[in-house]
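Taken from Swiss-Prot, the feature compositional bias 'Basic residues' applies to 1-18. Taken from Swiss-Prot, the feature N-acetylserine covers Ser2, and the record attributes it to experimental evidence. Positions annotated as phosphoserine by Swiss-Prot, on the basis of similarity to another entry: Ser2. The N5-methylglutamine annotation in Swiss-Prot covers Gln104 and rests on similarity to another entry. The region 'Disordered' feature in Swiss-Prot is assigned to 1-21.
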Amino acid sequence: MSGRGKGGKARAKAKSRSSRAGLQFPVGRVHRFLRKGNYAERVGAGAPVYLAAVMEYLAAEILELAGNAARDNKKTRINPRHLQLAIRNDEELNKLLSGVTIAQGGVLPNIQAVLLPKKTAKAAK
């Protein structure tokens, strides 16, 4: 006795909206946050999928650049300094996150041109 009545079909295995969209970020959780956040009275079915995809893309982009920064510094672990270097050296990410302060991120190395030693004719020879 399965409780499905006469000739009822077995229910298909549940598949998350994240896996249907081919995403790692949780679509269901994003949908819940959109509903609970009082952003709008109603939330469409596609909105959380799109938002989760955008957030996943941005996270992947930042982690890729931060991983490169860590490798350049001969480190195997990404730390806040690597995130800072990755974001500030990328023009578009820097513009997007211009108002963001990363704790323990430090600053970009920069020396004003007027402070550098002057090149003389003797030094050139």
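Each Cβ is built from the backbone N, Cα and C atoms, and glycine gets one as well.
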Local Cβ density at Gln104 (N5-methylglutamine) - other Cβ atoms counted within 10 Å: 9
DSSP-derived structure type at Gln104 (N5-methylglutamine), helix or strand or else coil: coil
